[in-house]
Amino acid sequence: MTTNAYAQLALYLALLGLLAWPLGRYLADVMAGRSRVVTGPLGAVERCGYRLAGVDPAHEMDWKRYALALLLFNLLGALFVYALQRLQGWLPLNPQGFGAVSPDSAFNTAISFVANTNWQGYAGESTMSHLTQMLALAVQNFLSAATGIAVVFALIRGLARHGAATVGNFWVDLTRATLYVLLPLSLLLAVVLVGQGVVQNFQADRQAQTVTTVQYQRPLLDAAGNPVRDAAGQPRTETVTTRAQTLPQGPVASQEAIKMLGTNGGGFFNANSAHPYENPTPLSNLLQMLAILLIPAALCFAFGREVGDIRQGWAVLAAMTLLFVVFALAAIWAEQQGNPGWRALGVDQAAGAWQAGGNMEGKETRFGIVASALFATVTTAASCGAVNAMHDSFTALGGLVPMWLMQLGEVVFGGVGSGLYGMLVFALLAVFIAGLMIGRTPEYLGKKIEAFDMKMVALVILATPTLVLAGTALALLVEPGRAGILNPGGHGFSEVLYALSSAANNNGSAFAGLSANTPFYNVLLGLAMWFGRFAVIVPVLAIAGSLAAKPRLAVTAGTLPTHGPLFVLLLIGAVVLVGALTYVPALALGPVAEHLALWAR
Amino acid sequence: MKLIRPALVLFAALTLVTGVAYPLAVTVVGQALFPAQADGSLIVRDGELVGSRLIGQSFTDPRYFWGRPSATGPMPYNGGASGGSNLGPANPALKQAVEDRIAALRAADPGNARPVPVELVTASGSGLDPHISPAAAQWQADRVARLRGLSPARVRALIAAHTEGRQWGWLGEPRVNVLALNLALDAAR
């Protein structure tokens with residue numbers, strides 16, 4: 001570990017805290033309708049929209065109606081994204097002339113973007129028209145994040161209110177989160193990113209003439225477009241010499257900003273944030289990492305404010321930060337160790353003033369080890385899934401970190417909204433376990449936690465592991481599932497486990513060696529993403545409705561305080577315990593076995 | 001149903017705002033403030049577009065500095081198909097690739113027995129990495145100087161002139177832009 005590693009981590013956390021504090025206050029005020037932004041001239045535009053839509057913003061919904069509105073809206077979004085992909089060949093803003101996306105890939109991508117996952121089976125630069133990127137994908141980047149914010153505020157209201165029948169108005173929450181939070185932040189970040197070198201235009205790709213020629217082998221095709229084979233049945237190739245290089249263009253920066261702020265993660269290009277046109281400098285990298293965790297961290301403060309006790313927000317944030325630091329240091333350490341197999345080959349992997357050293361396969365020079373490993377931790381702590389280095393090429397333990405962070409349910413900061421509502425569910429579990437230990441009825445923020453609430457908590461906590469483990473088992477049992485694996489041995493198993501963990505937890509990053517753009521994986525992962533998202537959201541809203549109706553109990557000497565260090569430890573314990581009990585056997589078969597094999601040689 | 005109309009109207013309105021107005025606004029502001037960056041940081045030499053400062057190019061001629069190995073297909077540094085190798089750390093194919101790259105580097109510079117900087121034998125994440133570390137540039141300096149008939153000091157000075165430190169002294173890693181360095185080499189004749 002270099003000094004610079006600690007410096008970059010410390011700088012990141014300090015800036016995150018500094019930015020999240022004021023944003024938390026703003027978020028709370030905007031979502032409650034108290035902010036001057038809402039009551040001012042911009043609010044007139046918002047109210048005009050409600051009139052058009054026939055929405056009475058003062059009319060609140062009970063949890064069932066809230067959930068129904070949310071599901072309906074997201075279903076509509078999925079249908080629209082699917083349709084646009086299938087029709088893009090006939091629509092404008094398609095300078096590369098891309099045809100329709102295949103039905104299974106379009107199904108997968110539609111769910112993926114609606115569910116805030118942004119798993120990408122396709123390669124952006126060779127599949128999606130500019131119109132599809134903007135009107136379908138970028139729009140869902142906003143709306144799926146706004147959906148997350150809406151859900152967490154419904155839950156916060158459930159905790160803050162007593163004897164109430166309603167948890168808010170979904171249309172109002174959705175609109176405010178989009179217009180007042182995501183949109184201005186994205187505008188600002190996008191323009192700064194352009195300044196760093198992220199492209200932003202509506203041109204077709206440019207063709208450059210490179211300095212020297214490049215030679216490569218191209219398969220020979222006959223007149224019908226089929227490969228020509230030699231006598232032995234091998235496809236014949238021809239040597240091509242070229243100086244042409246494609247320089248891809250498009251509205252990248254605008255999509256990049258919301259991709260991070262909404263913890264979406266779907267890149268404009270295949271290489272995602274490793275691509276120099278998406279993430280050109282170390283500064284753009286820092287800003288992207290900050291953007292990922294900014295709203296999730298700010299929501300902790302907004303939560304504390306709305307329940308009338310800011311210490312409650314600090315406690316949740318402290319638990320998240322402690323877990324985050326441990327995971328980040330583990331990832332940086334593992335990657336800096338390098339690859340033991342290369343030592344005998346005369347490769348210099350030592351970190352020094354003039355090189356990053358370590359395991360540089362799949363990593364960019366400008367980011368080196370620290371900014372790559374830190375990014376991997378940030379993106380999987382959140383439900384972002386953007387990558388600036390190829391996780392598939394991480395060392396065994398370095399790859400275990402992002403995988404386990406996702407499997408913990410992405411509650412270490414987590415996705416926009418989904419991180420905090422996931423963590424609050426774990427808080428309910430923590431007080432429940434503590435209540436069992438001391439023999440008292442569990443309470444959280446003065447709300448008695450009863451059988452119905454715990455049933456919903458259990459649903460939330462069991463839904464994603466079921467999808468991950470059953471899905472992985474299924475994929476490994478059938479031929480189309482095994483056919484996608486690239487790497488041999490334990491690492492191949494890790495590729496499948498990672499894919500299901502990523503999909504069901506709505507992350508979207510990948511051990512990208514897995515060939516997942518097949519009908520089998522597109523359907524399996526599409527279903528995992530849909531249920532991983534909405535089979536969690538509906539029980540969370542049920543908890544919100546149930547808690548809102550309850551009276552608030554007075555604090556007594558027997559009440560377990562939920563703002564101190566003891567509770568922070570309890571909360572971390574609940575998260576780690578569930579994550580470890582569920583996933584250690586699977587992880588032992590994948591990254592752990594691989595690590596032992598790699599270092600035993 | 002009373003939920004259908006709000007769903008349709010708000011979806012349409014928010015789609016227009018976030019999917020049309022927002023990217024247009026970013027394009028207008030971005031192009032006005034940072035026109036060169038917004039169009040891809042292009043490099044034009046003698047009226048010809050030779051590449052971008054941000055997108056690396058393949059160099060296999062020993063008279064030039066070589067960049068990171070690139071795993072894009074069908075040719076290296078294919079700007080139309082970015083991506084990494086995705087080979088796992090224990091994959092024999094990765095070890096073979098590293099061995100092949102070491103052999104090629106040694107063949108181009110038989111007198112150089114120093115250990116090879118790791119970046120010169122590992123594929124980047126994007127396959128388009130425009131940079132190498134200063135260590136990787138220094139490792140190649142004597143070869144380039146010898147084959148071009150330039151003094152090693154001159155080549156090292158060029159490397160130094162094209163080395164960027166950590167941003168703000170803190171962020172990322174020090175690096176050398178390979179395309180810019182090679183263009184400067186050509187101009188130094």
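Every residue number used here counts from 1 along the chain in the order it is shown.
Positions of Cβ are set from backbone N, Cα and C atoms, glycine also.
According to TrEMBL:
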type     : residues  : note
TRANSMEM : A:6-28    : transmembrane segment
TRANSMEM : A:66-84   : transmembrane segment
TRANSMEM : A:134-156 : transmembrane segment
TRANSMEM : A:177-199 : transmembrane segment
TRANSMEM : A:286-303 : transmembrane segment
TRANSMEM : A:315-334 : transmembrane segment
TRANSMEM : A:367-387 : transmembrane segment
TRANSMEM : A:394-413 : transmembrane segment
TRANSMEM : A:419-438 : transmembrane segment
TRANSMEM : A:459-478 : transmembrane segment
TRANSMEM : A:523-545 : transmembrane segment
TRANSMEM : A:566-589 : transmembrane segment
Proximity of the transmembrane segment (A:419-438) to the transmembrane segment (A:66-84), 3+ C-beta pairs under 8 angstroms: no
Recorded stretch, among A:6-28, A:367-387, A:459-478, maximising Cβ pairs under 8 Å relative to the transmembrane segment (A:394-413): A:367-387
The transmembrane segment (A:6-28) and the transmembrane segment (A:286-303) contact flag, 3+ Cβ pairs under 8 angstroms: yes
Touch test for the transmembrane segment (A:523-545) and the transmembrane segment (A:566-589), at least 3 Cβ pairs under 8 Å: no
Tertiary contacts of the transmembrane segment (A:566-589), as residues 6+ beyond its ends and Cβ separation under 8 Å: 315-316, 318-319, 322-323, 400, 403-404, 407-409, 411-412, 423, 426-427, 429-431, 433-434, 461, 465, 468-469, 472, 490, 493, 497, 560
Tertiary contacts of the transmembrane segment (A:66-84) (same chain, 6+ residues out, Cβ under 8 Å): 91, 106-107, 109-111, 113-115, 131-132, 135-137, 139-140, 143-144, 147, 150-151, 154, 167-171, 174, 534, 537-538, 541-542, 545
